[in-house]
Amino acid sequence: MNHIIDPSKHKLVIVSVATLVSFFGFQAASQALDAYQLEKFWLISFYVYIFLVFWQSFVFDLHLRGDFLKSLKHRFAYMFDRGHLSHYINYLILSAVIYWATAALLYLNPFEIAVKQALSLVGAGAFALSFWYLKTVFYGHKQAHRGVRQSIFFLKLYASFISFAAVFGLGHYYGITPFVFAIMVFVLTYLLIHQAFFQHHYLGHNEIGLILLSGLATAEFAAIIYFIWNVNYYSGALVICALYNTIWGILQHKYIDKNLNREIIYEYFAVLFVVLVIIFSTTNFSEKLPPPDQNRYENNQHQVE
């Protein structure tokens, strides 16, 4: 069978296309924000994401052979089989969190050109990393190189941080109550930890209960931080992310690596303590976030003048 692309370069081509589409998609959405076309911003973000889901789910492992269309037809039947559908959904969680959290942060910084460029670049890179490594870890975590597992770990940590930052910022922007914010944090925590357990093939009734408890603990802590935190939402998200990392790290060592001991617990809580001390000691709580209208229109008014 003739190959459209050399099989050795297939993965590189597929991931490169996804990276470029996500980056230029973020750029196009940013341009819509510059013109304050909010409907266009969300439409562009949605259509780009739909393409990326299609590219990720139905093209990634068809190897671009000459019988591509025939393979694609059978691929739909395969993917929607009940046994494969749960795998498919869990496989999409991490990339979806990264993509939509990046889009939300772009929305919160409509006229900050440097911030938008950085978010677009880092977001596209993180999305590419999820394409490149996550499938390897799903199908052979124990056989995967240690560097691969570490890359995925930091990718998930980044995903948790930007997703918490996104909901934190949106919460302050729209005046969301701490209870609603806690629900959003609970959903994000549940999805990320559920996906991680599923990835490691350690997901049962006991683990579901642990994930629910972890989500509730993180959500309750997040609600307290959200209530008292009237400053930069990135620093607030970092506080929540520190607790999330502690909870997930202990769960991973206990139920996946099965090497949890007192020293490891002390290490995680020591890191949590240091992070909290640094953030609280360097945060100026007298500096408050501006009102939503001022936050969104102030820079634009300066540009018009």
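Just so you know, glycine gets a Cβ as well, placed from its N, Cα and C.
Copied over from TrEMBL, here are the features:
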TRANSMEM  12-29  transmembrane segment
TRANSMEM  41-64  transmembrane segment
TRANSMEM  85-108  transmembrane segment
TRANSMEM  114-134  transmembrane segment
TRANSMEM  155-173  transmembrane segment
TRANSMEM  179-198  transmembrane segment
TRANSMEM  210-229  transmembrane segment
TRANSMEM  235-252  transmembrane segment
TRANSMEM  264-283  transmembrane segment
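When Cβ distances are compared across the two stretches, the transmembrane segment (155-173) makes contact with the transmembrane segment (85-108), since 3 or more pairs at least 6 residues apart fall below 8 angstroms.
Contact between the transmembrane segment (235-252) and the transmembrane segment (114-134) does not hold: fewer than three of their C-beta pairs are under 8 Å, each pair 6 or more apart in sequence. Residues 11, 14-15, 18-20, 22-23, 26-27, 30, 33, 52, 56, 60, 91, 94-95, 98-99, 102, 105-106, 148, 151-152, 155, 158-159, 162, 199 of the same chain sit 6 or more residues outside the transmembrane segment (114-134) yet have a Cβ under 8 Å from a Cβ within it.
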